[in-house]
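Now, the feature entries from TrEMBL:
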type: DOMAIN; residues: A:10-521; note: domain 'Cytochrome oxidase subunit I profile'
type: TRANSMEM; residues: A:69-94; note: transmembrane segment
type: TRANSMEM; residues: A:106-129; note: transmembrane segment
type: TRANSMEM; residues: A:153-179; note: transmembrane segment
type: TRANSMEM; residues: A:191-218; note: transmembrane segment
type: TRANSMEM; residues: A:238-262; note: transmembrane segment
type: TRANSMEM; residues: A:274-295; note: transmembrane segment
type: TRANSMEM; residues: A:307-332; note: transmembrane segment
type: TRANSMEM; residues: A:344-364; note: transmembrane segment
type: TRANSMEM; residues: A:384-404; note: transmembrane segment
type: TRANSMEM; residues: A:416-438; note: transmembrane segment
type: TRANSMEM; residues: A:458-483; note: transmembrane segment
type: TRANSMEM; residues: A:577-598; note: transmembrane segment
Amino acid sequence: MSLASAQKKGFGAILWDYLTTVDHKKIGVMYIAAGAFFFILGGIESLVIRVQLMVPENDFVSAGLYNEMITMHGTTMIFFAAMPILLGFMNVAVPLQIGARDVAFPFLNALGFWLFLFGGILLNLSWIFGAPDAGWTAYPPLSTQSPGHGTDFYVMALQLSGAGTLMGGINFIVTIVTMRAPGMTYMRMPLFSWTTFVTSILILFAFPAFTVALFLLMFDRMFDSAFFDIALGGNAVIWQHLFWIFAHPEVYILILPAFGIFSEIFSVFSKKRLFGYTSMVFATFLIAFLGFMVWAHHMFTVGLGSVANAIFAVGTMAIAVPTGIKIFNWLATMWGGSIRISTAMLWALAFIPSFTIGGMTGVMLGAATADYQYHDTYFVVAHFHYVLVGGVVFGIMAGLHYWWPLMFRRVLNETLGKLAFWLFFIGFHLTFFIQHFLGLMGMPRRYWVFLEDQGLDLGNLVSTIGAFFMAAGAIVFVINIIYTAVKGEKAPQDPWNGRTLEWAVPSPTPFYNFKQLPLVRGLDPLWIEKMEGNGKLTAAEPLNDIHMPNGSIIPFVMTVGFFIASLGFIYQYEYPIAYLALYGGMAIGIGGMIVRSLKDDHGYYVRKEELEGEVE
Amino acid sequence: MGENTNIEKVNSFERQKNREEMKRQFILFASMIIFTILAFLLVAWDMDRTYVIPIIIVLAVIQVAFQFFYFMHMKDKGHEFVSILIYGGAWIAFVMAICFTTIIWW
C-alpha cells in the first residue's frame, strides 16, 4: 500500500477500508461513533422514562413497555455507550501515549470492535421482536420467567459484546506491558495509559464471572436447566453474586478511564505536572483491588447475614480513601497552576463536585444498616447517576473535546461547547439532585407510576424538566460537531500545548504513528522536550523499514457468523428451523477462526525510501 | 581467539545451566505424576473423607505451584508482572470460592 493512495477514494473503497481496518486509530473512532449512536438510543429511552414519570399516574407508556425502557436504558448505557466510547479513547490515545506503532494484537482489536457492535445491534433488534424487561441486572426468577425472547436477546447480545470487551482488555494489557517506547518506564506512563492498564486488568478478571452467569441464564432459559430454579434445587442468589462480582468492578472499568482523562486534562490546562503522580498510580491500583471485594454491598438486603454485610460495608467505605486521594491530587494539580478554562477543563472542573456528591452518597449506601432504608429507592438511582453521569459522561465529554483535534483534525467550537456544557450541567443536577429526596421520601425504583399528593409530584416534574435540559445540551453538542465539520478549519498539531506523546505526532497522524520511535526522557515527555530541548522528540532509532499488520475482513465475517448463530440460539427452542442459523452461523464463525489460524499473515513493511519522501 | 574461548566458556556455562534445568524439569514431572497417582489412590483406599479432602487440596496447591513456577517459568526473571496478575487472579478466585462456600451454600 502506497502512502499516497490514502487520498481521494470512493465510498465503496472507504467502507471496505473501515470494514477491514486493523489500525487502532480507525478502530477507536469507530468505537466512539458506534458508542455515540447507542448513547443517543439510551438517551431517548431515558427521556421516555422521564416523560412517563412527569406527572402522577401517567399513561404515556404501558407498564410492560416501561419495564423494557428501563432495562434497555441501563443495558445500553453501560455496555454499549459508556464502555465502547472509553475503549475508543483507549484505542485512539494509548498507543500514541506510550510511543507504540499499533496495539499488540491488531486483529484481535478489530474482532473486539465488531463483536461489540453486533452485540449492540442484536440487543436493539429486540425492539422489533420484544425487548428484555427484567432490568439491566436481570435477576432470576424474574429473568428466567420473563416471557418472550427479550431476555434471550439480552443474554446473547451481552455474551457477544462481552467477548469483544475481554479481547480489548487482553490486547491493552499486552500492548502496555510489551510495546512501550524506549525510555517509557512504567512510572513515566501518562495517567490515562495507567488507568487503561488497570481497567484492562479489571476487564480480564471481571468479565469471566459475567460470562459464566450469562451461560447459566442461557441454559436455564433455552435448555431447561435449573441453576436458578429453587423448586428443582437451584439457587437464585448465585446469579446475584456472579452478576455483582462482575458488575461492581464494571463500574470501576467505567470510571477509571474517566479518571485518567481528567488527570490528563487537569495537568495540561493547569500547565503543571500532575500532583502526586505516584500516589495517583497507587490509588488506581488500590481502587481496582478493593473493587473486587465489595460486590455484596449491592445485596445487603438479600439476607447474607450481619457478618457478611459488615465485611462488605467496611470494604466499601475503604474505597473512599484512594478516591479521596485522587480528588485532592486533582485539586492540588490546579493549585498555583496557570489555569485555562477551555470546554474540556470546564467538564473536568464540574466533575469534581458532581462526582464527590456521588461518592458521598456511595458511602451512605455502603453503610449496611442505613441501606435497608435506601435500597431500591430513587436514592440509589440518584447515587449511581451522580457517579456515572457526573463521572463517566463528564469524562467522555471532556475527552471528546480534548482529543477531537487528534481524531478529526478539528478543534470543537468553544462557545457552542460551553453552551452545551452549561445546559447539560444544569440539567444533570436538576434531574438527579432532587431524586435523592424522592428516594428518601420513599419513591421506589423501577415503578411505572406513582400516586399523586404523596409529596412526589413536584420532584418528579423538576427531574423531567432537567432531563430535557440534558437532551438540549446533547443536541447543542451534536450541532457543534456538524458546525466544526462544515466550517472545516484545520486544527493545529498541538492545540492545547500538550505534555504527552500523542501531541508530538504529525497531524494527521500517519498510520504508522511514529516514523522513528521516540526516546522518552521522563514523565510528560513532550513537555520535557519543550522546556529542555527543542520541542521535538529525539528519535530512539535510525530511520528503518516499519513492520505493519495487514488489514483483514475475517474479524467482520467471524462476527457476522456469531451474530447469526446468536439469533439461532434465541429462536431454536421455538422454531426448529433456527438450528439452520445456529449451525450455519457457527460454521461461518469457526471457519473464520480456522482460516485465521492456518493462513500465515506476516504483515508488510513500509520501506525506508517511502518514509524518507514524507515531509514532517 | 580470545573472543572464541570466551564464547565457549559462556556456552559451557549455559549448557551446564540448561542441563540442571532439564534435570529439575524431569524430577518435577515425575513428582507431578506421583502426586496424581497418590490422589487417586487416596480415593480408592476408602479413607475417611475428613482426611482425604484436605490432603487432595494440598496436593493440588503444590501441583499448581509447580506448574506456574517451573513449567510456566514464573520463577525466572522478567516475570514480575505476570506474577502480579496471577496472584491477583488467584486472590479473586479465592475470595469467590470463600463467598460461595460461606454465604451461599452454608
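Backbone N, Cα and C atoms are what each Cβ position is placed from, and that goes for glycine too.
Of the candidate ranges A:69-94, A:153-179, A:274-295, A:577-598, A:153-179 has the most C-beta pairs within less than 8 angstroms of the transmembrane segment (A:106-129). Using a cut-off of 8 Å between Cβ atoms, the transmembrane segment (A:274-295) and the transmembrane segment (A:384-404) share fewer than three residue pairs, counting only pairs 6 or more apart in sequence. Residues 78, 82-83, 86, 89-90, 137-140, 143, 190-196, 198-199, 202-203, 205-207, 209-210, 212-213, 216-217, 227-228, 284, 287-288, 291-292, 294-299, 302, 326, 330, 348, 351, 384, 387-388, 391-392, 394-396, 398-399, 402 of the same chain lie 6 or more positions beyond the ends of the transmembrane segment (A:238-262) yet place their CB under 8 Å from a CB of it. Between the transmembrane segment (A:69-94) and the stretches A:191-218, A:384-404, A:458-483, A:577-598, Cβ pairs under 8 Å are most numerous for A:384-404.
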